[in-house]
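Only one structure is covered here, and it is reproduced in the block below.
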Amino acid sequence: MFGLEKKDASLLILVAVLTIFAPFILNPFPDGSALAQFNAGYPDLMQRFVIFGIFAIGFNILFGLTGYLSFGHAAFLGIGSYAAVWMFKLLSMNVIPAIILAVIMSGLFALLIGYISLRRSGIYFSILTLAFAQMMFALAYSVLTPITGGETGLQLALDDPRILSMASSTDGNIPVPSLFGMEMRDSTQLTVGAWKFTFNVGYYFCSVIMLVAFYIAIRIFRSPFGLMLRAVKSNQQRLNYTGLNPRPYTLAAFVISGMYAGLAGALMASMDPLAGAERMFWTASGEVVLMTILGGAGTLIGPVLGAGAIKYMENILSKINGDILHTWFAFLPDGLEDFIVTIIYPFIGKGWHLTLGIIFMLVVIFLPGGLVEGGQRIMQKLRGKSADTDSAKTEPAE
Amino acid sequence: MSKLNLTRRGVIQTGAVAGAGLALPTYLSAAGHEGFTNAPTGSTVTFGFNVPQTGAYADEGADELRAYELAVEHLNGGGDGGLMNTFSSKALEGTGILGKKVEYVTGDTQTKSDAARASAKSMIEKDGAVMITGGSSSGVAVAVQALCQEAGVIFMAGLTHSNDTTGKDKKANGFRHFFNSYMSGAALAPILGKNYGTDRKAYHLTADYNWGYTTEEAVRTSTEAMGWETVAAVKTPLTQTDFSSYIAPVLQSGADVLVLNHYGGNMVNSLTNAVQFGLREKQVNGKNFEIVVPLYSRLMAKGAGANVKGIFGSTNWHWSLQDEGSKQFVKSFGEKYGFPPSQAAHTCYVQAMLYADAVQRAGSFNPCAVAEALEDFEFDGMGNGKTLYRAEDHQCFKDVLVVKGKENPTSEFDLLEIVEVTPVGQVTYDASIFGGELGTCNPGA
């Protein structure tokens with residue numbers, strides 16, 4: 001189907017089914033129960049899952065295939081967001097022009113930065129991209145305040161021109177981003193017994209784009225172009241000696257992955273029309289590296305899983321506070337309750353970074369191939385077979 | 001590139017999948033209408049406390065959270081009732097709000113607009129919060145305020161001092177009790193003129209972000225109006241921790257006053273550097289060199305230690321105030337936590353109370369009804385004297401305190417002394433001078 005091999009097609013279908021039914025899958029606990037704290041099926045977080053999934057898929061095209069570790073990819077995410085918000089301000093609240101301009105702008109910046117940075121490889125390349133990203137962050141944060149809104153971020157205002165649509169909605173408010181009249185924030189709720197499921201327009205819009213992005217990534221992975229990128233990763237010198245110039249290939253990969261990041265940035269702005277400089281900060285660039293490695297670099301689905309895992313911890317673990325812990329362990333005797341809460345407390349709430357760090361260390365030490373490798377091992381255990389090539393899920397880069 | 005095989009069946013399959021994908025959102029867009037976002041249905045109502053728990057303003061955030069917990073306790077009838085005893089409006093009875101018990105969820109803004117919005121969104125979408133409050137940075141306040149306007153919930157700003165929050169970026173669903181840069185400038189200038197003379201040359205160091213700009217502008221305008229000259233205004237990065245390289249050129253510039261438009265950790269570091277360089281012992285143009293800090297807080301004074309002695313600044317509230325409201329709040333807070341509250345704690349506690357009172361008076365949680373109850377609401381007994389919530393920009397107007405670092409502190413909390421309580425008339429301005437549009441209130445779905 002769609003010109004894919006059977007196992008890639010089944011992977012694509014699996015991802016499609018997962019994203020379509022995500023509102024059910026992510027809300028396994030009844031509303032109002034103690035475990036409802038762990039439900040992730042609310043629109044904002046589901047949108048983040050797929051948007052950062054796109055970001056990580058794009059990053060993986062560069063890092064997973066060519067092995068070039070860019071430490072400044074968040075810059076493209078930021079550029080995409082700023083471009084999208086400017087389209088909302090100037091043109092209309094339709095998300096299509098915003099996404100198109102964002103992808104073009106981030107592609108142009110990626111071309112420029114890639115052209116310069118790709119003259120070096122290894123750690124020097126990483127440092128160059130990091131330097132560019134930090135320069136852009138600094139520009140966005142202060143010097144370019146008229147364009148970027150500085151620290152406050154770029155926001156919509158009632159007196160923006162919006163030449164293709166009205167500047168304000170009928171009730172005198174700033175209109176919300178929409179796709180030909182379908183507002184991104186619209187949701188409908190389905191109540192089944194004690195369970196409550198939310199279906200959000202913005203989420204499904206992002207999902208469709210994520211599936212397209214995922215499909216394109218599969219095609220790139222399986223194409224001769226993808227093979228050339230893998231050749232760059234495994235031995236660039238040998239490639240040079242065979243008379244091939246790898247730079248056009250790596251530059252193309254860099255621009256494509258920059259455009260993916262711009263697309264993710266535009267979607268972020270479409271879901272929530274604000275662009276802040278923080279999303280260009282180097283920690284944001286580091287986050288996408290973590291996502292890719294946590295999920296499994298060079299695999300197709302790994303980055304998406306990694307993005308989901310990190311965003312889940314950031315949004316769910318960080319909201320558990322001491323009071324909630326006390327209600328969970330209230331059934332224990334007082335002394336024991338306090339003891340257990342004291343042990344767990346550093347790992348939740350504002351301590352979620354600590355939990356993330358521990359999980360990241362465990363994954364890197366015991367599962368170098370990321371969560372995908374963990375999944376493969378479990379599958380093998382279940383099937384009772386030794387290491388085998390038969391894995392429908394992944395295709396390691398090397 | 002693998003070959004694209006167009007078969008009839010393939011085209012039909014693809015078309016059907018794409019069609020279903022496009023039709024799905026249309027089907028889903030039939031949103032439920034309950035009158036307004038997160039209308040509380042059960043016996044409880046949920047507030048969202050969105051404060052910085054990590055990052056540069058974590059101290060302020062922790063104090064804000066303490067104040068909110070205290071406010072919830074008082075609203076539900078616990079403790080000694082706090083400011084409900086002195087508040088001029090007697091609508092609240094300590095039985096929750098409109099008979100509903102107040103519950104809350106907390107989130108971490110990390111002092112980043114993105115993180116703050118994500119946290120506020122999850123409170124609105126997941127936890128059903130009907131009001132969001134808190135924050136310790138103007139950037140965050142402006143960002144979350146815009147989000148609340150879109151989502152259709154009320155935003156009660158916490159500590160935010162930039163003019164923009166209720167100026168350029170004001171929103172119909174957002175309200176601010178804290179004072180702003182303009183008021184700081186207007187209150188400080190006469191005191192500076194009286195103490196330092198009207199022929200001074202000022203050198204500004206300004207934190208390079210929104211709040212820094214508006215504060216610098218406010219202080220410049222009001223000091224230049226009385227005859228001061230601004231020699232230079234240098235922007236410093238927000239992440240700067242060592243200001244030595246910025247302090248050195250000050251003495252060569254011929255300036256005799258240094259204005260530090262810094263807040264939090266920035267101010268602690270820049271002031272410490274300036275004092276270490278011996279600026280305060282210097283004589284320039286035949287006058288003593290002076291330092292001014294437009295926005296003071298007790299937590300900052302604590303960080304800067306002995307360096308704050310004798311330095312002027314302004315503040316929203318201070319625990320040593322002797323009116324009934326302030327005494328009551330310090331007592332309630334002190335009994336629960338063992339130390340006096342900061343100005344951040346005070347403004348957040350008052351905001352929570354004002355919201356609860358407005359709901360009670362309006363008889364509804366509908367944001368539009370609440371906004372109407374808050375607009376042009378005049379109250380007293382909350383620690384700042386007579387206060388007005390102006391309808392034009394949703395900004396509170398009240399007396400402003402000009403304070404000075406105390407020469408002989410008696411305890412680790414007794415660091416600032418009140419020099420003057422600037423009457424509200426002197427700091428009132430026309431609502432239109434900062435531009436921006438309030439828009440209309442949005443009750444959401």
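Each residue, glycine too, has its Cβ placed from N, Cα and C.
Note that TrEMBL annotation is computational and uncurated.
Note that the structure is a prediction, hence the values are computed from the model and not measured.
Here TrEMBL flags A:9-26 (among others) as transmembrane segment.
Residues or ranges marked as transmembrane segment by TrEMBL: A:46-63 (among others). Away from its own ends, the transmembrane segment (A:46-63) comes close to residues 19, 22-23, 26, 40, 69-70, 73, 77, 200, 202-203, 206-207, 209-210, 213-214, 217, 220, 229, 253-254, 256-261, 263-264, 267-268, 271, 288-289, 291-292, 295, 297-299, 302-304, 306-308, 310-312, 315 of its chain (Cβ-Cβ under 8 Å, at least six residues beyond either end).
If you look up TrEMBL, you'll see A:94-116 (among others) marked as transmembrane segment.
The feature transmembrane segment is assigned by TrEMBL to A:123-144 (among others). Within the chain carrying the transmembrane segment (A:123-144), a Cβ under 8 angstroms from the stretch's Cβ atoms is held by residues 68-75, 78-79, 82, 113, 116-117, 150-151, 277, 280-282, 285, all 6 or more beyond its ends.
Using a Cβ-Cβ cut-off under 8 Å and counting only residues 6 or more beyond its ends in the same chain, the transmembrane segment (A:201-221) has close neighbours at 2-4, 8, 11-12, 15-16, 19-20, 22-23, 43, 46-47, 50-51, 53-54, 57-58, 60-61, 65, 95, 99, 179, 182-187, 256, 260, 263, 267, 270-271, 300, 304, 395. The transmembrane segment annotation in TrEMBL covers A:201-221 (among others).
Positions annotated as transmembrane segment by TrEMBL: A:248-268 (among others). Within the same chain, residues 47, 51-52, 54-55, 57-62, 65-66, 68, 70, 73-74, 76-84, 95, 98-99, 101-103, 105-107, 109-111, 113-115, 117-118, 206, 209, 213, 220, 225, 228-229, 232, 275, 279, 288 sit at least 6 positions outside the transmembrane segment (A:248-268) and bring their C-beta atoms closer than 8 Å to a C-beta of that stretch.
Listed by sequence, the residues of this chain that lie at least six past the ends of the transmembrane segment (A:288-313) yet keep a Cβ under 8 A from its Cβ atoms are 8, 11, 15, 40, 45, 48-49, 52-53, 55-57, 59-60, 63-65, 69, 71, 73-74, 214, 217-218, 221, 261, 352, 355-356, 359-360, 363-364, 369-373, 393-398. According to TrEMBL, the transmembrane segment annotation covers A:288-313 (among others).
Marked as transmembrane segment by TrEMBL: A:325-348 (among others).
Sequence annotations record features per position, and here TrEMBL assigns transmembrane segment to A:354-372 (among others). Tertiary neighbourhood of the transmembrane segment (A:354-372): same-chain residues 290, 293-297, 299, 301-302, 305-306, 309-310, 313-314, 317, 346-348, 393-394, 396, selected by CB-CB distance under 8 Å and a gap of 6+ residues from either end.
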